[in-house]
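Heads up, the thing below is written out as structure tokens.
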Amino acid sequence: MDTKRADTVAAPGRFPLRELLLFAAVLVAVLGVYAVMGPAYSTRMLVEAACYAILALGLTIQWGYAGQFNAGVMGFVALGGFCAMFFSIPVNEAFWGSELPGELGQVLLYMVAAALVVFGATRLDRLGVPKTLRTVITVMLAVVLYLVVINALRGVTDQIESRAGFIGGLGLPVGVGWIVGGVLAGGVGYFIGRVCLGLRSDYLAIATLGIAEIIKAFLKNSDWLTRGTATVSPLPWPVPGPAEVGFTLARALYLSVTAVMIAAIFFLLSRAYHAPWGRMIRAIRDNEISAAAMGKDINRRRLEIFVLGCILMGIGGAVLASFNSMFDPQGYLPLNHTFLVLVMVILGGPGNNLGTIFGAVAVYIIWIMSEPLALFLMELAVAFGEGAFGWEAPTNLDSRALQARVFVIGLLITLVLRYAPKGLLPEKVRHHG
Amino acid sequence: MPLLDARDVHGGYGGMNILNGVDMAIEADEIGVIVGPNGAGKSTMLKAIFGLLHVSQGEILLRGEPIHNLPPNKLVQKGMGFVPQEKNVFPSLTVKENLEMGAFLKPGNVKRMLKQVYDFFPPLHDKRHQPAGELSGGQRQMVAMGRALMAEPSLLLLDEPTAGLSPLYMNEIFEQVKLVNSAGVGILMVEQNAKQALAIADRGFVLAAGQNRFTDSGAALLADPEVAKSFLGG
Amino acid sequence: MNELVFFINNVVIAGSVTGSIYAIGAVGVTLIFSIMRFAHFAHGDMMTFGAFMVLLLTTAFPGAGAAFGVPSALVLLPLAMALTALLAVGIDRAFYKPLRAHGVKPIVLVIGSLGVTLMLQGLIRLFAGTSGQSLYIDDRKEIFRLALPFEGVRAPVVITEPQLYLFVITLVAVVGLHLFLSRSRLGKAMRAMSDNPDLAQASGINTNTIVAVTWVIAGGLAAIAGTLLSLDVTFKPDLSFFLLLPIFAAAIVGGVGHPYGAVAGGFVVGFAETLAVFNWSVLLRPFRESLPEWLTQAGNLAFVGTEYKIVVPFFILVVILVWRPTGIFKGKVI
């Protein structure tokens with residue numbers, strides 16, 4: 001029926017030559033980095049690549065399995081990072097010892113009460129109030145209550161900032177923050193998905209782009225919660241840290257934790273992909289109308305897959321933040337945390353988990369190595385320019401050179417879409433019937 | 001030389017053939033009517049002639065010049081007009097603007113052709129400043145035909161112009177088709193209302209399963225008992 | 001009365017300025033959407049590119065405006081518009097057209113436009129650096145203070161020279177676009193193609209020409225919007241992601257594919273932003289005696305702080321998508 005797909009259909013029992021070659025190439029690259037940069041640096045790179053692989057798996061099920069484009073990976077990563085920080089760092093006695101927690105709790109109660117009142121107002125029409133009047137009452141109530149609550153909140157948060165710095169953490173095990181990070185990211189994904197998934201796919205991209213900027217703005221400006229631009233560090237690790245066992249070993253231990261996580265996620269995703277649920281998801285992606293005609297609840301399935309992807313991004317973001325041992329809301333950039341992940345997925349093979357992991361590791365190595373390379377090339381150009389015609393280089397050349405990477409990522413996206421739309425390891429689409 | 005001469009046309013969508021060798025020829029001042037059961041390839045043949053479908057085998061000549069697999073805008077330039085069955089007006093454009101779009105390639109004679117189209121379809125003149133999306137089905141069909149006529153075609157292709165119209169409008173459309181034809185425009189139309197259509201046809205083509213079953217003058221086909229039995233409902 | 005002047009300065013004028021910029025940007029987005037059916041994510045950087053062209057040209061010919069008595073940036077704007085239009089057509093040829101020819105889903109074009117936005121961002125920052133720069137190189141920003149003829153009003157209404165130019169240019173652009181779409185042959189063909197692309201092709205309209213015209217207009221308008229924004233404040237190379245959300249929100253509020261709706265949507269979003277960050281307690285000050293204490297005690301009655309401005313277009317976007325996804329003027333595409 002579909003002739004274009006023929007080349008991507010794997011023959012049963014085919015020897016995975018392509019996979020082996022590509023992973024061998026990655027292995028060679030990794031060994032090369034180890035030889036040049038040393039084990040501590042290289043292990044660090046591998047752990048970060050592993051964290052990105054979790055993010056990429058989240059995106060590959062959204063984009064590859066279901067055709068949903070999430071342009072705000074950064075936001076979910078940041079949420080995960082926040083949770084990792086909030087749950088794991090030590091308790092701030094200056095905050096908990098004062099009367100501020102009570103006041104904050106009071107404001108939070110106000111918030112809940114106000115939300116309930118507004119929600120109740122939306123139900124006024126059941127009591128016989130005309131619908132227009134109900135809407136007017138609801139909007140008025142919402143505005144007034146919002147102003148009251150936000151003012152109360154501002155008062156308390158100002159107090160917290162001036163007297164305790166910030167509210168600190170909960171001092172719980174690292175894993176708790178990772179799990180809650182996933183749950184929180186999934187919750188935000190649920191909200192966005194409910195609004196957008198019944199509409200054109202473009203709207204989801206716009207909304208996710210927006211929520212990512214909002215999450216970042218919130219984390220960056222809520223000094224009482226996150227210390228904002230002052231950043232929080234160090235974050236505890238789930239394994240012995242560098243201070244106890246040295247950099248290389250500590251990072252290797254962390255790497256094994258992430259490797260176990262990836263293996264577990266990979267296994268579960270493969271099961272889901274081949275289960276009836278996964279088939280249904282792909283049926284919806286490939287032909288929405290006929291899937292709907294067969295009586296599938298399209299929007300529900302779409303919502304499930306989108307939330308699942310967001311959960312993975314939240315977990316990946318949490319693991320990444322813990323590893324960096326620092327929570328810096330300003331460090332979350334669309335380029336590093338959205339588009340880099342996108343490149344990993346579309347280059348590796350959207351919908352192919354193995355391809356996605358390959359893409360994540362390969363692209364991350366290139367990404368990390370491109371920084372010194374770009375600077376080196378720039379210095380070369382400056383030296384040549386000065387020598388050849390007395391060119392006076394601009395002073396902020398370093399920051400400009402790094403912008404070249406932005407260009408390259410963009411170029412890579414457009415080229416892959418055009419020349420290898422199914423990635424280097426394409427999804428193996430089996431024909432049904 | 002016939003105005004349109006299609007010989008042994010094969011074609012279809014995505015590798016599946018719907019047309020399996022159709023022959024069709026009409027002269028410059030004739031009305032040709034394609035009838036046949038559902039799925040016979042009637043509309044597909046029309047689309048193949050208008051370059052909306054890949055012709056894999058056979059040839060289509062317009063005044064002796066091969067035109068198969070030319071893009072639609074080239075065919076409009078060569079004097080062919082096409083009125084699709086559905087979505088055949090620009091709903092947010094006014095009637096006048098719809099007509100002007102028909103003359104997009106020949107902006108010079110908009111004024112003259114507008115007058116001629118309003119003469120053919122007087123109701124359009126009164127509604128010329130209304131968005132076409134607000135018109136009734138019959139009036140939309142007039143806008144659609146008028147739009148195609150604006151380019152002064154020598155051959156007009158109509159895909160089921162009376163589909164979904166009340167009998168009153170149906171007759172009006174057939175009258176207008178005759179009127180347009182009498183002004184010297186060759187017509188090739190697909191019709192479900194086979195009897196009425198064949199009654200005004202100079203030439204009738206009965207298709208079945210992507211092939212010609214009967215080809216004759218409209219009157220002869222109407223009189224043929226076999227055609228009547230199998231295709232005209234007795 | 002001073003409070004009223006404060007309101008005019010901070011809401012009416014500021015809202016009109018922001019609204020004009022969003023409106024011009026949203027018109028471009030909505031035109032592209034109605035012809036090519038995808039959300040053009042590179043629009044913010046096309047605006048930045050236009051402003052950057054003005055910056056380059058103004059640096060090269062700082063005296064160009066002196067002959068006409070207006071800032072050089074404005075004299076050179078048409079040239080920058082042409083360059084941006086050229087860039088837009090070139091980008092389409094190089095990146096979007098091949099994808100369209102493959103018959104990809106619109107969302108793939110969206111991703112492609114994100115790739116383009118990164119390329120533009122990289123190039124602009126590579127050449128312009130990352131810091132802000134003023135487009136007023138040799139000129140001085142005039143500031144007009146209009147004192148209101150009322151008793152007791154001390155504060156004047158303040159409006160700057162670029163803001164005046166901005167209103168004039170916005171008006172000219174909108175009227176010009178209206179005339180183009182309703183009178184010209186190409187403009188009507190654009191509307192026809194947005195209504196029904198298949199029928200447009202069957203009518204003999206060359207759809208490639210229409211696509212190119214759309215990019216020329218969208219590029220030209222993007223250059224205007226970017227330049228006006230940079231004239232009002234300064235040229236900043238990294239604005240694009242903050243512009244995208246309000247512009248898309250404006251296009252969707254107005255009904256996607258609906259140019260006049262996009263203008264209205266731009267002002268809706270622009271005013272909503274300024275109203276949301278406005279400190280309403282200022283307006284309550286004259287009525288202090290008759291108000292409950294908790295209300296007058298509150299020093300800051302703004303809905304959101306300026307640092308959360310981006311929440312406003314997002315909120316509008318969510319409300320409109322939930323309540324009426326076709327937009328207030330019934331757009332063509334949802």
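One-based numbering along the chain as shown.
Keep in mind that glycine also has a Cβ here, set from the backbone N, Cα and C atoms.
Taken from TrEMBL, the feature transmembrane segment applies to A:20-40 (among others). Within the chain carrying the transmembrane segment (A:20-40), a Cβ under 8 angstroms from the stretch's Cβ atoms is held by residues 46, 247-248, 251, 358, 361-362, 365, 369, 424-425, all 6 or more beyond its ends.
Per TrEMBL, the feature transmembrane segment maps to A:46-66 (among others).
The transmembrane segment annotation in TrEMBL covers A:73-92 (among others). Within its own chain, the transmembrane segment (A:73-92) has Cβ neighbours under 8 Å at 55, 58-59, 164-174, 176-178, 180-182, 184-185, 188-189, 208, 211-216, 219, 225-226, 232, 235-236, 310, 313-322, 327, 329, 332-334, 336-338, 341-342, counting only residues six or more beyond its boundaries.
Residues or ranges marked as transmembrane segment by TrEMBL: A:104-121 (among others).
Here TrEMBL flags A:133-153 (among others) as transmembrane segment.
As annotated by TrEMBL, transmembrane segment applies to A:165-191 (among others).
Positions annotated as transmembrane segment by TrEMBL: A:203-219 (among others).
Positions annotated as transmembrane segment by TrEMBL: A:252-273 (among others).
Residues or ranges marked as transmembrane segment in TrEMBL: A:305-327 (among others). Outside the transmembrane segment (A:305-327), and at least 6 residues removed from its termini, the chain residues within Cβ reach (under 8 Å) are 47-48, 51-55, 57-59, 61-62, 65-66, 68, 70, 73, 76-85, 88, 174, 177-179, 181-186, 188-190, 192-193, 197, 204, 226, 231-238, 254, 257-258, 261, 265, 281, 337.
Residues or ranges marked as transmembrane segment in TrEMBL: A:339-366 (among others).
Residues or ranges marked as transmembrane segment in TrEMBL: A:373-391 (among others).
Taken from TrEMBL, the feature transmembrane segment applies to A:403-420 (among others). Tertiary proximity for the transmembrane segment (A:403-420) is limited to same-chain residues at least six positions away from its ends with a CB under 8 Å from its CB atoms, namely 335, 339-340, 342-343, 346-347, 367, 370-371, 374, 378.
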Tertiary contacts of the transmembrane segment (A:46-66), as residues 6+ beyond its ends and Cβ separation under 8 Å: 30, 73, 76-77, 251, 254-255, 258-259, 261-262, 265-266, 269, 273, 278, 281-282, 284-285, 301-302, 305-306, 308-313, 315-317, 319-320, 323, 337, 340-342, 344-346, 348-353, 356-357, 359-361, 363-365, 368, 427
Highest-contact recorded stretch vs the transmembrane segment (A:104-121), from A:133-153, A:203-219, A:252-273, CB pairs under 8 Å: A:133-153
Positions on the same chain near the transmembrane segment (A:203-219), where near means CB under 8 A and six or more residues out: 68-76, 78-79, 82, 188, 192-193, 195-197, 225-226, 228, 306, 329, 332, 334, 338
